[in-house]
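Notes follow the structure.
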Amino acid sequence: MDRNTVHLYETLGIPKSSTQDEIKKAYRYVYWEPRFRDIAAAYEVLSDPKKRQVYDRYGMMGVQMAGTEIGARLVEIESLLCTLFIALSFVLTLIIIFFALLSLRVDGKVSWNYAIVFIPLWIMDAFLFFATLTRLIQPSADDNDEDDYHHDDHEDERDAGNGEGSSSNAGGDREERRRQKKATQKRERFLSGFVGLINLILFTAFQVLIVKKANDPTSISASTVFAPYFVLEGFFFLQALVQVAIALKAASALETPLSTKLGMVFEALWWKVTRLVLAVLIMLRIDDKITCSWQIVFIPLYLVAVKYIIQHINGYRTFSRMQNAEMRQQGHALMTASACTFTVLGALVYSLVGLLAAKLDGHAYSASEVLIPVFMVLSILLCCSGCCLPCLLLASGAGEDELSPENAEVRVVHPNMRIEGADAPPSPSRRATPIS
């Protein structure tokens with residue numbers, strides 16, 4: 001996108017900080033010049049506050065796209081991203097507070113009820129409930145109607161070009177399509193919100209049972225605590241099975257090899273099966289149904305690392321067999337970057353798993369020491385969401401010309417160009433030239 005956001009101001013010979021009255025005065029002054037078309041185009045944009053705002057952020061390309069669906073979203077993308085960063089920072093802060101309170105409680109620094117420790121999570125649950133209920137009960141968005149009309153108009157034009165139906169029939173079909181589309185969107189939105197609400201209820205119930213078990217270990221069994229979690233995981237597993245069945249049916253129609261089908265099933269189900277097995281082992285270990293070391297209980301997590309290591313090795317070999325040197329080099333660079341990221345994150349994750357297993361097995365580690373990897377990861381994410389990413393967003397919002405050294409100086413209008421009377425245009429010989 002052309003991010004030059006000063007050219008129109010230069011055309012009128014005014015600084016970017018000019019008011020609307022100053023823009024009008026400058027236009028009255030320079031419209032005598034031969035470059036009338038450029039001057040008129042500049043005035044058309046800068047005299048409109050909305051167009052000027054778009055131009056100041058995105059340049060002429062943004063103004064040209066302002067009437068399109070992409071342009072409408074582009075104008076609001078920065079505010080949406082800022083809202084996302086704020087929400088993410090808020091969530092990360094709550095999670096950090098939760099783990100800090102948890103470490104204090106586990107280490108015996110405080111003797112609070114675990115319900116107090118879970119207050120940050122209760123706050124997150126409340127916000128999620130509010131967002132889900134809002135999505136569930138809100139009416140259809142009216143701003144989609146115009147897009148529906150445009151889409152249906154294109155279809156009507158296509159049908160008319162093919163000689164299909166009269167204009168009255170086309171109009172009726174269009175209204176019917178719009179009604180059906182809105183009804184389908186409403187059903188999908190309601191179903192999505194309802195499923196999300198059920199998931200939130202199950203997840204909150206799981207947290208409540210954890211608090212009850214932590215406050216009184218003999219009050220309920222671990223199988224009771226994990227009941228909501230297993231219901232939630234069972235729902236996700238059934239959903240994945242349906243998707244796999246649909247994918248396998250499509251693959252059979254294309255005569256896909258058996259090895260490819262097995263790979264599809266594995267990729268769709270392996271992580272869900274791993275979570276279920278891990279939850280079962282943790283439940284049995286808490287209830288002393290099994291008495292093995294916690295390191296053995298966490299074996300499914302170690303197998304996840306093995307899976308990704310094998311995947312990276314196979315990916316590197318696949319790129320090595322490519323004949324195209326450029327694609328081979330790009331593939332190797334991609335796999336190297338992915339391997340480095342996995343190594344860093346894996347070191348932190350498995351440090352946490354190892355320390356947690358050692359503490360549960362009776363080793364003298366404090367909860368604050370066990371949670372050091374968690375605090376490191378959350379602190380990095382909070383720094384990114386609260387500082388780094390917003391700074392990058394602000395930097396991208398400034399045009400290249402505004403950031404360049406030659407344009408860092410303030411542009412002003414020469415005193416001889418100032419307009420003493422708004423109704424008395426100057427002679428054509430006087431040219432409005434900005435002076436840096």
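Heads up, the Cβ atoms here are built off N, Cα and C, so glycines get one too.
Caution: TrEMBL annotation is automatic and unverified by curators.
The compositional bias 'Basic and acidic residues' annotation in TrEMBL covers 148-161.
Feature annotation from TrEMBL assigns domain 'J' to 7-59.
TrEMBL lists 144-184 (among others) with the feature region 'Disordered'.
The feature region 'Disordered' is assigned by TrEMBL to 417-436 (among others).
Positions annotated as transmembrane segment by TrEMBL: 80-102 (among others).
According to TrEMBL, the feature transmembrane segment maps to 114-133 (among others).
Positions annotated as transmembrane segment by TrEMBL: 190-210 (among others). Within its own chain, the transmembrane segment (190-210) has Cβ neighbours under 8 Å at 114, 118, 121-122, 125, 128-129, 132-133, 135-137, 220, 224-229, 231-232, 235, counting only residues six or more beyond its boundaries.
The transmembrane segment feature in TrEMBL is assigned to 230-248 (among others).
If you look up TrEMBL, you'll see 269-286 (among others) marked as transmembrane segment.
Listed as Cβ neighbours of the transmembrane segment (292-310) (distance under 8 Å, sequence separation of 6 or more from its ends, same chain) are residues 270-271, 274, 277-278, 281-282, 285, 342, 346, 349-350, 353-354, 356-358, 360-361. For 292-310 (among others), the entry in TrEMBL reads transmembrane segment.
For 331-358 (among others), the entry in TrEMBL reads transmembrane segment.
Residues 78, 81-82, 85, 88-89, 92-93, 95-96, 99, 102-103, 345, 348-349, 351-352, 355-356, 359, 403 of the same chain lie 6 or more positions beyond the ends of the transmembrane segment (370-395) yet place their CB under 8 Å from a CB of it. Positions annotated as transmembrane segment by TrEMBL: 370-395 (among others).
Across the residues of the domain 'J' (7-59), the predicted structure has a mean pLDDT of 77. Comparing 80-102, 230-248, 331-358 for CB pairs under 8 angstroms to the transmembrane segment (269-286), the maximum falls on 230-248.
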